[in-house]
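Per Swiss-Prot, the features are as follows:
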type: SIGNAL; residues: 1-20; note: signal peptide
type: MOD_RES; residues: 51; note: 6'-bromotryptophan
type: MOD_RES; residues: 59; note: 6'-bromotryptophan
type: DISULFID; residues: 77-112; note: disulfide bond
type: MOD_RES; residues: 107; note: pyrrolidone carboxylic acid
type: MOD_RES; residues: 119; note: histidine amide
């Protein structure tokens, strides 16, 4: 049962790290080695503590990457304009190859609202 939980946690963490573009191959290899080791199948306090530290560390990296990305998006929304209409117009002006149907004012407003909410502004 412990192995199944560890496999699921490892898969979730690896997926999160890949989507956050903050993945280092060595970290994933270390997690996999830890998963495969005999210590995981019968963890004692030291191994459980080590696992907890690795998971917390990985989670903090993902959280930091998401917050950093939201900060960039929030800043971009502020630079582009205060209203979704202004932001949409500026994006379409900057990227003439983009079709108007690709960028809806509602979408721009939602993206900016989410970025501001995550970033805390």
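Residue positions begin at 1 at the first shown residue.
In case you wondered, yes, glycine gets a Cβ from its N, Cα and C as well.
What Swiss-Prot annotates, mapped onto the structure for a quick look.
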| residue | record | DSSP (3 states) |
| --- | --- | --- |
| 51 | 6'-bromotryptophan | helix |
| 59 | 6'-bromotryptophan | helix |
| 107 | pyrrolidone carboxylic acid | helix |
| 112 | disulfide bond | helix |
Most crowded position, judged by CB atoms within 10 A, among 51, 59 as modified residues: 51
Length of the line joining the Cα atoms of residue 112 (disulfide bond) and residue 59 (6'-bromotryptophan), in Å: 24
